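As recorded in TrEMBL:
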BINDING   Ser8, His66, Gly142, Phe143, Gly144, Gly145, Asp175, Gly176, Gly177, Gly197, Ser198  substrate binding site
BINDING   His33, Asp35, His66, Asp175  divalent metal cation binding site
ACT_SITE  Asp35  active site, proton acceptor
ACT_SITE  Asp175  active site, proton donor
Amino acid sequence: MLPLIAPSILSADFAALGDAVRRLDEAGADMIHIDVMDGHFVPNLTFGPGMVRALRPHSALPFDVHLMIEPVAPYLEAFAEAGADTIHVHAEAGPHLHSSLQKIKALGKKAGVAINPATSPDVVGEVRELCDVVLVMSVNPGFGGQVFLDSQLRKIERLRAIVDEAGTGALIEIDGGVTPDNADRIVAAGATALVAGSAVFAGGPSAYAANIQALRAHASRALA
Ligand SMILES: O=C(CO)[C@@H](O)[C@H](O)COP(=O)(O)O
Ligand SMILES: [Fe+2]
């Protein structure tokens, strides 16, 4: 399977998000990554379920909603109803990861476990039967445009082993500092999906298709 490319609209012009989502769809994105931040779990503020609902008519691509909020459980239903397809919750956002994942599955959505750079991959093993996607943060969450942390490559390898052993086929998705220059190493380590903000939005709308293609081409090299 080709690695999936998920542009993060955190790097878009916030005054024209509907337009950005439409253009990313036309440019060949596989899904749309939406970073939800609460100014508490992370030191930045972005979107709520109202934004997900407003963007929904602009593309039929899966919406990959990354919740960087604490508490998270009270908001899962609202994001599901707004049109999220995958909902990622952080393992660090409270003591009830298992129950949040159960809730996401009960809402009929794909469940993602996001883990910060300092978090052990072993937490994923504890919830493996509920986990459709593992979202590995390769920067500290909160902002786009940061540098990829090479230390996370070893974690991806470990997660590849955990997911293969579980036999669930869960995606391993990498988020933060992904560029064409490191995409092949990330996929070689075991990733199957790449989130990219800065690398997709660089050069403006006319460059989206080429940027997505460059990521896909470099990522696919690891599989050749
Ligand atoms: O979740 C986050 C940041 O917290 C990411 O999704 C970023 O938006 C990725 O942006 P780049 O590092 O690719 O610029
Ligand atoms: Fe993200």
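Just so it is clear, glycine is given a Cβ too, placed from its N, Cα and C backbone atoms.
Features per TrEMBL, on structure.
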{"residue": "Ser8", "record": "substrate binding site", "Cβ contacts under 8 Å, 6 or more apart": "His33, Ile34, Asp35, Gly144, Asp175, Val195, Ala196, Gly197, Val200"}
{"residue": "His66", "record": "divalent metal cation binding site", "Cβ contacts under 8 Å, 6 or more apart": "His33, Ile34, Asp35, Val36, His88, Gly112, Ala114, Leu135, Asp175, Val195"}
{"residue": "Gly142", "record": "substrate binding site", "Cβ contacts under 8 Å, 6 or more apart": "Met37, Val42, Pro43, Asn44, Met68"}
{"residue": "Gly177", "record": "substrate binding site", "Cβ contacts under 8 Å, 6 or more apart": "Ser138, Val139, Gln146, Val147, Phe148, Leu149"}
{"residue": "Ser198", "record": "substrate binding site", "Cβ contacts under 8 Å, 6 or more apart": "Ser11, Gly144, Gly145, Thr179"}
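Checking the binding-site residues Asp35, Gly142, Gly144, Gly177, Ser198 for a CB within less than 6 Å of any atom of ligand 2 leaves Asp35, listed in sequence order. Same-chain residues that are not part of Ser8, His66, Gly142, Phe143, Gly144, Gly145, Asp175, Gly176, Gly177, Gly197, Ser198 yet have a Cβ within 8 Å of the Cβ center of the substrate site turn out to be Leu10, Ser11, Asp35, Val139, Pro141, Gln146, Val195. DSSP assigns Ser198 (substrate binding site) to a helical segment in the three-state reduction. Pairwise Cα distances among Ser8, His66, Gly142, Phe143, Gly144, Gly145, Asp175, Gly176, Gly177, Gly197, Ser198, the recorded substrate-binding residues, top out at 17 Å. Around Asp35 (divalent metal cation binding site), a 10 Å sphere centred on its CB holds 25 further CB atoms from the protein chains shown. Secondary structure from DSSP puts His33 (divalent metal cation binding site) in a beta strand. Sorted by the number of other CB atoms within 10 A, the binding-site residues His33, Gly144, Asp175 start with Gly144, the lowest. Excluding the listed site residues His33, Asp35, His66, Asp175, the same chain places Ala6, Ser8, Leu10, Ile34, Asp64, Val65, His88, Leu135, Val195 with Cβ atoms within 8 Å of the centre of the divalent metal cation site Cβ atoms.
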